[in-house]
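For reference, Swiss-Prot has these:
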- 183-200: compositional bias 'Polar residues' (COMPBIAS)
- 176-200: region 'Disordered' (REGION)
- 1-10: topological domain 'Extracellular' (TOPO_DOM)
- 32-44: topological domain 'Cytoplasmic' (TOPO_DOM)
- 66-81: topological domain 'Extracellular' (TOPO_DOM)
- 126-139: topological domain 'Extracellular' (TOPO_DOM)
- 161-229: topological domain 'Cytoplasmic' (TOPO_DOM)
- 251-272: topological domain 'Extracellular' (TOPO_DOM)
- 294-315: topological domain 'Cytoplasmic' (TOPO_DOM)
- 337-341: topological domain 'Extracellular' (TOPO_DOM)
- 363-371: topological domain 'Cytoplasmic' (TOPO_DOM)
- 393-398: topological domain 'Extracellular' (TOPO_DOM)
- 11-31: transmembrane segment (TRANSMEM)
- 45-65: transmembrane segment (TRANSMEM)
- 82-102: transmembrane segment (TRANSMEM)
- 105-125: transmembrane segment (TRANSMEM)
- 140-160: transmembrane segment (TRANSMEM)
- 230-250: transmembrane segment (TRANSMEM)
- 273-293: transmembrane segment (TRANSMEM)
- 316-336: transmembrane segment (TRANSMEM)
- 342-362: transmembrane segment (TRANSMEM)
- 372-392: transmembrane segment (TRANSMEM)
Amino acid sequence: MYLVESKGGAIACMLLALLSLGTWPAVLTLLERRGRLPQHTYLDYSITNLLAAIIIAFTFGQIGSTKPDSPNFITQLAQDNWPSVMFAMAGGIVLSLGNLSTQYAWALVGLSVTEVITSSITVVIGSTLNYFLDDKINKAEILFPGVACFLIAVCLGSAVHRSNADDNKAKLRDFETAKQEASGPSTEIGTNSSKDLETNVTTKPKEGTARFLIELENTRAIKVFGKRKIIGLAITFFAGLCFSLFSPAFNLATNDQWNRLKQGVPKLVVYTAFFYFSVSCFIIALILNVVFLYYPVLGLPKSSFKAYLNDWNGRYWAFLAGFLCGFGNGLQFMGGQAAGYAAADSVQALPLVSTFWGVVLFGEYRRSSRKTYLLLFCMLFMFISAVAVLMASSGHRK
């Protein structure tokens, strides 16, 4: 079994996890904006997310010889370690609930702000719990100022969402006024939205304009016009609460701080715990998304399992997202085993990556107000500061 034994190796795992975990949300957002039902996408994503855990378990988990206190993956499957297994599976359940929630929050709140708020809540609650579970191996005088920065980022993220929503309402209102002045009687938003008002020639709308927002609304799967701002924020905060619990649960699974294992039974190695973690994550995702096929939420159209099986539009992108998330989580846990899970939560800086994709790929916050830009800058500044502080707090597990 391969173990990360150095602080440098742990930080390398965190950085690779950061890149992976910051990219897969952008892939799912792209599919939703192209009109693919989120239920279909999440089912595909869940398959490769589980497959990534299996690959990690049978490679890194089987490298080297078995030791009494660090058995290989297959050896540990037959051991009486169910108390730790249940903690790992509980972590997988809350992670799956969080990921499923964010898929809807990305549409309602935006990729950048959703990731900022959920990641900040994860650090504020999760890193605090991990600090005590890890016997305080992280430096408190460094860790908790970083946690405070993340807490401020939560407030700033909520303010960014409200300000940007107000900007979009103003754009749509001005666009409707311009249409009335140019063509007389009002027409329903969305009709001929991609045509120039003067020349009536079809043009591609510029990112951030009212026409861009209208065209996006017409093509995307989750409709956002008319939805209350509080709905998206409520889903986002629920997801953040779920995310804040999965890392402490995994910590308990691998380190048995509450002494639930029988005398002589070795603790779960990170690869075995990650396997059980991913199995429960897959099961809950499968159950909920099959239910959502027939009983959709947020006004989505009904589907069926047969329709899902026949929907190959964007399936390979969803598979890619699952691999990115699976390997990202695996790397996070490998790093956390060495440097402490409170420091490994620094991968919750993934909004820095997601914001890059949100701005570059999706044109988020284009042509927004100065107030929105100022709030966005302050939010990201707090994130950069908090991540640096959180990584500096990392200790080394004895």
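Count begins at 1; order follows the chain as displayed.
Placed from the backbone N, Cα and C atoms, the Cβ positions cover glycine too.
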Residue numbers, six or more beyond the limits of the topological domain 'Cytoplasmic' (32-44), whose CB comes under 8 Å of its CB atoms:
99-100, 103-104, 106-107, 216, 219-222, 285-286, 289-290, 292-293, 296, 300-301, 303, 307-308, 311, 313-315, 318-319, 321-322, 362
Should anything in the same chain at least six residues away from the transmembrane segment (230-250) have a Cβ under 8 Å from its Cβ atoms, list it; otherwise answer none.
87-88, 90-92, 94-95, 97-99, 101-102, 104-105, 108-109, 113-114, 117-126, 129-130, 133, 154, 158, 161, 273-274, 277, 333, 336, 341, 344-345, 348
At a C-beta cut-off of under 8 Å, are there same-chain residues at least 6 beyond the topological domain 'Cytoplasmic' (363-371) that contact it? List them, or none.
110-112, 163-164, 166-167, 171, 206-209, 212, 355
Could you give the mean pLDDT over the topological domain 'Extracellular' (1-10), rounded to a whole number?
70
Residues from the same chain, set at least six apart from the ends of the topological domain 'Cytoplasmic' (294-315), whose C-beta lies under 8 A from its own:
31, 34, 36-41, 43-44, 104, 108, 221-223, 227
Against which stretches of its own chain does the transmembrane segment (316-336) lie, if we need a Cβ under 8 Å and a gap of at least six residues from its ends?
4, 9-14, 16-21, 23-25, 27-28, 30-31, 36, 40-42, 44-53, 56, 60, 95, 99, 247, 250-251, 254, 270, 273-274, 277-278, 343-345, 347
Same chain only, please: residues at least 6 beyond the ends of the topological domain 'Extracellular' (251-272) with a C-beta under 8 Å from a C-beta of the stretch. Say none if there are none.
1, 56-57, 60-61, 68-73, 76-77, 79-81, 83-85, 87-88, 91, 129-130, 133-135, 333-334, 336-337, 341
Mind checking which residues of the chain, 6+ beyond the ends of the topological domain 'Extracellular' (66-81), have their Cβ under 8 Å from one of its Cβ atoms?
1, 3, 57-58, 261-262, 265-269, 271-272, 275
